[in-house]
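The topological domain 'Extracellular' feature in Swiss-Prot is assigned to 23-653. Summarising the annotation, Swiss-Prot assigns N-linked glycosylation site to N68, N259, N421, N529, N570, N628. Positions annotated as phosphothreonine by Swiss-Prot: T182, T1165. The feature transmembrane segment is assigned by Swiss-Prot to 654-674, with sequence analysis given as support. Marked as region 'Required for interaction with KPNB1 and EEA1' by Swiss-Prot on the basis of similarity to another entry: 675-688. The topological domain 'Cytoplasmic' annotation in Swiss-Prot covers 675-1259. Annotated ATP binding site per Swiss-Prot: L725, G726, S727, G728, A729, F730, G731, T732, V733, K752, in sequence order. Look at Swiss-Prot and you will find Y876, Y1111, Y1138, Y1200, Y1252 tagged as phosphotyrosine, backed by similarity to another entry. Residues annotated as region 'Disordered' in Swiss-Prot: 1027-1183, 1203-1259. For S1077, S1082, S1106, the entry in Swiss-Prot reads phosphoserine, with the evidence type similarity to another entry. Swiss-Prot lists 1145-1160 with the feature compositional bias 'Pro residues'.
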Amino acid sequence: MELAAWCRWGLLLALLPSGAAGTQVCTGTDMKLRLPASPETHLDMLRHLYQGCQVVQGNLELTYLPANASLSFLQDIQEVQGYVLIAHSQVRQIPLQRLRIVRGTQLFEDNYALAVLDNGDPLEGGIPAPGAAQGGLRELQLRSLTEILKGGVLIQRSPQLCHQDTILWKDVFHKNNQLALTLIDTNRFSACPPCSPACKDAHCWGASSGDCQSLTRTVCAGGCARCKGPQPTDCCHEQCAAGCTGPKHSDCLACLHFNHSGICELHCPALVTYNTDTFESMPNPEGRYTFGASCVTSCPYNYLSTDVGSCTLVCPLNNQEVTAEDGTQRCEKCSKPCARVCYGLGMEHLREVRAVTSANIQEFAGCKKIFGSLAFLPESFDGDPASNTAPLQPEQLRVFEALEEITGYLYISAWPDSLPNLSVFQNLRVIRGRVLHDGAYSLTLQGLGISWLGLRSLRELGSGLALIHRNARLCFVHTVPWDQLFRNPHQALLHSANRPEEECVGEGLACYPCAHGHCWGPGPTQCVNCSQFLRGQECVEECRVLQGLPREYVKDRYCLPCHSECQPQNGSVTCFGSEADQCVACAHYKDPPFCVARCPSGVKPDLSFMPIWKFADEEGTCQPCPINCTHSCADLDEKGCPAEQRASPVTSIIAAVVGILLAVVVGLVLGILIKRRRQKIRKYTMRRLLQETELVEPLTPSGAMPNQAQMRILKETELRKVKVLGSGAFGTVYKGIWIPDGENVKIPVAIKVLRENTSPKANKEILDEAYVMAGVGSPYVSRLLGICLTSTVQLVTQLMPYGCLLDHVREHRGRLGSQDLLNWCVQIAKGMSYLEDVRLVHRDLAARNVLVKSPNHVKITDFGLARLLDIDETEYHADGGKVPIKWMALESIPPRRFTHQSDVWSYGVTVWELMTFGAKPYDGIPAREIPDLLEKGERLPQPPICTIDVYMIMVKCWMIDSECRPRFRELVAEFSRMARDPQRFVVIQNEDLGPASPLDSTFYRSLLEDDDMGDLVDAEEYLVPQQGFFCPEPTPGAGGTAHRRHRSSSTRNGGGELTLGLEPSEEEPPKSPLAPSEGAGSDVFDGDLGMGAAKGLQSLPSQDPSPLQRYSEDPTVPLPPETDGKVAPLTCSPQPEYVNQPEVWPQPPLALEGPLPPSRPAGATLERPKTLSPKTLSPGKNGVVKDVFAFGSAVENPEYLAPRGRAAPQPHPPPAFSPAFDNLYYWDQDPSERGSPPSTFEGTPTAENPEYLGLDVPV
């Protein structure tokens, strides 16, 4: 039994082709169970189609075969793309022993890949007579069939068929065959012989030992789709189908997808490959086209090649057919809308139309090429009363006289009796046959009354057979060279029941003396090729070269006429071509080199306005006239030339005057040019002398706007330091008061003082910071108030009462709402957008460098690393220094390149800090590992309260390509949209049930502990008055009162209560609490009180408003009123006197216990309290979100260590609040160049973070 199995595999190996290159492909049919169009030629049709065929591109339909039919032409078929149908046949067996695979791309009755139906003698009563020989199919003999990819099996009403029920069809079906149905009828007239004992488990296709079924699926080891045996090493390659002889994809019996030169592949090699080195698409020399299940170097004839590498019969949308010079056809994409084409039957809007009728024949008027087919049925000329279609008239068929090509087939089974031929198609040259009638015929003529064909221009039948039968009066069928029309060996002419050739010759219906006796009908116009010469469409014995009119010349056996102006010659040629300059002699005149009917007289040649005058001499040659008149040429002489006219004296005078004027103008122009030349030489000499003596520098204007910001120089006596807020490597920050000389004003300020013995570089850096801060003018960027040039330089800035934003969100984690977070994001983005507009790169944006002026107003600060770009700069390259690694963009770490887009990266990290309530980015990861981590694609995780909308904005900010990051103006728009509907984008648990946003903080309460901090004037109120900013000046009497002023002050009484005094002056009415303020409150305390608190305010103490009358020049321009993402109020409130002036109603004083909860800001979207669920966030390595309360202050964090080469600072007891003025997020690995400040500072803790590296050390 094993020996027999190996013998079967040896037979299969012998049948395996060496590659797809020598595979013979043929077309299938599509007749299903219909009777053949010509039963007498049906077997011949099958023989022509399948003789030597190995792959059937279509269906293999074997129907209506007689019992004695010889079917040996089927024995080479190995693969069928569609289905196999064996029906109504009387043969005993069908030799398909080599058929391995049925792909089922088309299915019989939409379900079956193999159908065997009604193969037996039709017997009355279904019982054969005793001893009678019964015909019909006995055995399938599909011994090599081991794969059906799609479709089931239908075997019915074949009473002589045996062994169909012994086949293990499960082994034949592919594992992914969803239509694996088997409907098998086993009713037989007689018993069948059993399978051979050599067949394992009695699975066979016939009774002999060679008909045993080869199992290639059910016997396989686990995981094998197909195999050659039961061992795990017998598995076939995954691209194999029908079995294999080895494990490689070149050992397959058939390919599951595509056969590439004997190797099974999932895809054919692409025609174009991409070169990653040159970033170009290159032609692939190994590229192949897809043709069925094969990969071919070029598409077969009559198929169209596409740019995507496929062979198709119809071009895709927006493509057009193009025929190359070598005759190959391809689909080419239209550069503009494709030209209109004519569609035939079976295409587009005529897809369901059966025949050409009077209703659709006008679709083909003027068409030279029809994409589709043409069919003429009896209904075409009989009409259809049901659809009100009139009969087609013979004269209407003349629309096809211009037709030259049909891409489908031509089928004619009815034709008008008044037309003895098909001469309406006399210019038809090609029938391509891309679509065939019944899947077999490209030309079918049957049952017609014509006498000859008349297709005199037909030169090609691209595919399919020609069927001409049952035309009782048709002659000249055998005089056509059909073999010259066919393009592949499977094409042939099938003819029967036409008029006998002897009768045609007897009636004189013979060819004109044509070349080789080939013609389409009688007469000289029906020759396929002429034996002598061709004049137009007519064959002639000779051309009219020497006699006859019109005279002709010969070119490539064509008789072509001479020009009409050529003079006919006697006994010699008249011309050498068809043009007027190719005549031997002219019939009338010669205007060299052309023969003309008359000489040109006043004729204007092409593209000329000058007429030409010529006359004919004695020899008939045209000569130019002595006078060439251009206008007023009415007087002509006897030769037809213009007569000579005497010049008028007026003309001479005019010419002289014009000449003199022209000479004067030329002289003036020359004089001016000479003078200017001398001036230029003198100017050049003077400039050279000045440059040589270095008296004047050359001008190189940049076009940049001048920076008109003012630097305010303050005296040390005007400043009073109150307490230390923080200390850094280069100086200390104090809380202080600025008391301008000569004024009764106290302004709370922050004073940054350099340490003693600081390096010159440190002095330069703090002056650079002063230069940057003095030039900004935005409500969201901290401004410089002045500079004090003492022995240690001091910078004076606004005092932000709420400290830095990082400590603020950490301290009030449970009291912040979604609207607060999104409003801060909007304000920071607006500040950074302003810095981008003024070409300032911050380089150090982080939550620690954003100060809180009020709970609703934050400002960007710390410009120690900021750099102002010049007018022609787009980026800044740093040369060293401390940098915040975990906040920096990837291109800013090793290349030291900083742009506005690198600030966008830092902005994304800052937003992440806010959304995690102050968590540390990349917590627990050393700073040196950050670049590698970012290059590998790791980013900070999504904060728990963020929706995907907010997080995706962060992710866009962290794109490697800086050009892919959003601009700040885009970030302003995005977060402004989110701030209008905050709870949709930031989800904080129990936000609606929590307390309102806090007013003060630990840092703010520490500022109020000093008595000197009461009764202060905000710096912006002192410097920037804003009259008429909100509304026009009210007219006298409007509202019944004049303007009054008011401002806010805050103190603490002895009982620790916070008392707010808000008092109006007598000149100004109370203002609406809904009126927006650009500063959103005072610098000392926000005047935007809650309505509940506002109702309790009573009488307010008065204060001298004289400080508010001081005006100073300021280079900034107030921006339009903005609501930072909130909805602005629709009403227009009275205008405040100054920008950050709080607006309240006059109320009695109100004493509050503890911190005062504020109301929702003016114009807020939702009136609701805010809180955050106090749940503990889970830790992690990259960007771990820990409990922000576990962080403590920024200074006490034990993770931040002293850098190399510097002594660690002595620990200090943690203060009650986190000053965070000494930034601990930076590290300079080589601090020697920057000086060595003392390791400790009296009363102020300092720290440096080792996670942040210096730029002067390679990362």
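Glycine is treated like the rest: Cβ placed from N, Cα and C.
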- line: Candidates N68, N259, N529, N570 (glycosylation sites); nearest Cα to V733 (ATP binding site) turns out to be N259
Message: From the DSSP assignment alone, can you count helix, strand and coil residues within the region 'Required for interaction with KPNB1 and EEA1' (675-688)?
response: 14 helix, 0 strand, 0 coil
Message: Using a Cβ cut-off under 8 Å and a sequence separation of 6 or more, which residues in the same chain sit near N68 (N-linked glycosylation site)?
response: none
- line: Here the binding-site residues are L725, V733; the one whose Cβ sees the most other Cβ atoms within 10 Å is L725
Task: Would you kindly give the Cα-Cα distance separating N570 (N-linked glycosylation site) and N628 (N-linked glycosylation site), rounded to the nearest Å?
output: 39
Task: Count, for each of the recorded positions T182, N529, the other C-beta atoms lying within 10 angstroms of its own C-beta, and report the residue with the smallest count.
output: N529
- line: Candidates N259, N421 (glycosylation sites); min other-Cβ count within 10 Å returns N421
- prompt: What number of additional C-beta atoms lies within 10 angstroms of the C-beta atom of N628 (N-linked glycosylation site)?
  reply: 15
- request: From the recorded positions T182, N421, N529, pick the residue whose C-alpha lies nearest to the C-alpha of L725 (ATP binding site).
  value: T182
Task: Please name which of the glycosylation sites listed here, N259, N421, N529, N570, is nearest in space to G731 (ATP binding site), Cα against Cα.
output: N259
Field: Site of maximum Cβ density within 10 Å, from recorded positions N570, S727
entry: S727
Task: Would you kindly give the Cα-Cα distance separating N570 (N-linked glycosylation site) and N421 (N-linked glycosylation site), rounded to the nearest Å?
output: 42
Statement: argmin Cα dist to N570 (N-linked glycosylation site) over the recorded positions N259, N529, S727 returns N529
Message: When DSSP is mapped onto helix/strand/coil, what comes out for V733 (ATP binding site)?
response: strand
Query: Which of the three DSSP states, helix, strand or coil, fits N68 (N-linked glycosylation site)?
result: coil
Message: Just to verify a number: CA distance, T182 (phosphothreonine) to N259 (N-linked glycosylation site), in angstrom, no decimals.
response: 29
Task: Enter the number of other CB atoms within 10 angstroms of the CB of G731 (ATP binding site).
output: 25
